[in-house]
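Notes to accompany the following structure.
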Amino acid sequence: MHPVLFHVGSILIPTYGATAALGVLLGLALAHRTARVVRLDPAKVWNLCILSLFAVLVAGRLLLVVVNLHALRSHPGWVLGLAMVHHPLLAAVGAIVGAACAAWYARRAGLALAGTADALAAPLALGLAFEQLGALASGSGYGVEAGPALPWAVTYANPLAAIWSGTPLGIPLHPVQVYNAMAFLALAVLLYVWLSLQRRQGDVAGLGMMGAGVAIYFTEMWRDPAGRGSLFQGALDGPQIAAVLLVLAGALVLRERGAASGVENPAAPGPPAVPVTGDGGKA
């Protein structure tokens, strides 16, 4: 594939970063639209997204500095190349930091948490779809060996893929990044359509969490588990464990929003009151 999109002199522009940046821009544009759908201030939602993205980038780079501290002590100049390095923990750390910053800003700006989460569900899925296409180009998060019989298998030959992401070269692999991208793109469309319909606040966010969890759980079956951790003697890897928790959290959100809706807006109102007059209680 093509880990480097192009280069100007000695400056390399990685395909992963460029594709992820495109996903961010499209996600921001969609968030501006979905904010209007749920009647939130688009400017405040935009600020929330920018703040969360900045926090995710900073947290990710700090994580890479900590993980590679020994090498950076010997070669301080390598810190400039951290943007091209990937680590299995980056997604988890980014999700936690981004969610925390988004929740903090939403409360500070007076944005309803449930409505804000609904507005961000489809843009997040769209951004993740493009991020996975960038991962395909760079060789990051590569799949398990597919064998030559699989017609859509991908084989990496660029040495930079091996250097930056540890991708095996010359071996047909499952393009698991494409599987993920297709799942997230379909989820983004579903969430956007559902957002446009009558629904309770929080339903779209809960559905998005469950959909993302299901997509991650099943696509991980074709992803190389190296460095991702596991439980139950390798039956579940780290992302699959996170996916199960995501599905449970989404189900809990749907349940709680349903209970709140049942209290505030009963679906089955009682019988209409019978007017009473002064003559013996007869109408």
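Cβ from N, Cα, C; glycine included.
Database features (TrEMBL):
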REGION    262-283  region 'Disordered'
TRANSMEM  6-31  transmembrane segment
TRANSMEM  43-66  transmembrane segment
TRANSMEM  78-104  transmembrane segment
TRANSMEM  111-130  transmembrane segment
TRANSMEM  178-197  transmembrane segment
TRANSMEM  204-222  transmembrane segment
TRANSMEM  234-254  transmembrane segment
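Taking every recorded stretch in 6-31, 111-130, 178-197, 204-222 and counting its Cβ pairs under 8 Å to the transmembrane segment (234-254), the highest total belongs to 204-222. Within the same chain, residues 19-20, 22-24, 26-28, 30-31, 34-35, 37-41, 44-45, 48-49, 102-103, 105, 180-182, 184-185, 187-189, 191-192, 195, 201-205, 207-208, 211-212, 257 sit at least 6 positions outside the transmembrane segment (111-130) and bring their C-beta atoms closer than 8 Å to a C-beta of that stretch.
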